[in-house]
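Quick notes on the structure that follows.
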Amino acid sequence: MSQRKIIHVDMDAFYASVEQRDRPGLRGRPVVVGGDPNGRGVVAAASYEARRHGIHSAMPAWRAARLCPDAVFLRPRFDVYRSISAQIQALFREYTPLVEPLSLDEAYLDVSDCPRRGGSATLIAREIRARIHEQTGLTASAGVSCNKFLAKIASDLDKPDGLHVIPPEQAEAFVAALPVGKIHGVGQATRQRMERMGVRTGADLRRLTLLELQRAFGSRARFYYELARGRDERPVRPRRERKSVGAETTFGEDLNNPAEMLERMAPLADKVAASLHRRGLAGRTVTLKVKYHDFRQITRSLSGRPVQSADEIRARLPALLQDTEAGDRPVRLLGVTVSGLVTVTPDQARQLALF
C-alpha cells in the first residue's frame, strides 16, 4: 500500500461560523446561512446549534424554519467567505504546493515531502489547525491517512475542531466496518442497489469479485474494488480552471409528469447557483441532462447572457424540458449544468440579476 501522507482539512460549519465570529450575539444560537425561509432557497450552511435540530446543507430553507423556528436566517456573504478561504489556502501552500481545494471550506494536502515537524503528517495537521484558529478565529477538523479516500472520512470522525488519523496498517480493517454509503462515489441510488445485493459494509463489498462488480457497476467496478481494500491512488491535484458547475439526482421511482420534473429540478438549480456564487462565477450555457427509464441519456442546452442566480437558471429549464420526450417516456435522472463560465465580481453579479 502507498505510504503517501495525505491531509484533508475541513472547516467547521464554515459560513455559519464566520457569521457567529463576526456577530458575537449569534454565538451559541442556531444560525442558518442560505435562502429565504419564505422562498424556494436552500440551506448553504448550518451552525452546530442548528444541526442539533436536524438542519443540514442543501435542505429547503422553509423546512429548516419548521424544524427550528428560533433559528437566525442570514443571506450568504460569499465575498467574505472567499477572502477568508484565500487566506487559509495561502497557509496550506506554506507546507506543500500540492493543495487541491474542493470548495471554499475544504482541501486535500499531500505533505509526503514536507520536512516540517519532522515530516510527521499528524503534527503538520495539528499545526495547521492551530494556525487557522490563530489567524481567523475559526476552527477546522482534519483527517490524516495514506490516501484521499481515508483522509476525507477521517476528517469527519472527530468534528468539530478535531483531528483523526487512520494509519496505513489499519486501513483495511477500517473500511471493512464502514457502511457502503460512506464510501467515496457511492450515492443514494448506488447504495440502495448495493444493499439489494446484500452489500451493506466495506467487508461485504470486498467479498465481491471484480467480475461481479463489473456486471453490476460497469466502469466504476475497479474503483469500488480498490476502495473496498482501502486503496486509492488518486493524486492530490492543484486546482485547474473549472469548466462547468452542475448537480443531478436519480429518483427512487421514475417520473412521468413534466410539472413534477420541473419542481424536482428547482433544488438542483439552487445548488448550482450557490456553487456559482461561492466561486464568483456566472455561465452562458444552461444544460439539462435527462436519463430515461431504459438508461438512454440525452442533453439539451440553451446559451445566452451569463446567468448566476437560481431564478435565472430555472427560467431556462421549461424550454429545455419541452425539447425532450419527458412526459412520453419515464425519467429516472435529471441534471442541471451551467457552463461557459466567466468570473464576476459581487457588483457584476447584482447587475446580472437586474436583467
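Along the chain as shown, residues are numbered 1 onward.
Using N, Cα and C of the backbone, Cβ positions are placed for all residues, glycine too.
Taken from Swiss-Prot as is:
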- Glu106: active site (ACT_SITE)
- Asp10, Asp105: Mg(2+) binding site (BINDING)
- 6-187: domain 'UmuC' (DOMAIN)
- Tyr15: site 'Substrate discrimination' (SITE)
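For the residue listed as 'active site', the Cβ neighbour count at a 10 Å cut-off comes to 19, with all displayed protein chains included.
Between Tyr15 (site 'Substrate discrimination') and Asp105 (Mg(2+) binding site), the C-alpha separation comes to 9 Å.
Rounded to the nearest whole angstrom, the C-alpha distance between Asp10 (Mg(2+) binding site) and the residue listed as 'active site' is 4. Listed recorded positions: Asp10, Tyr15, Asp105. The one with the lowest count of other Cβ atoms within 10 Å of its Cβ is Asp10.
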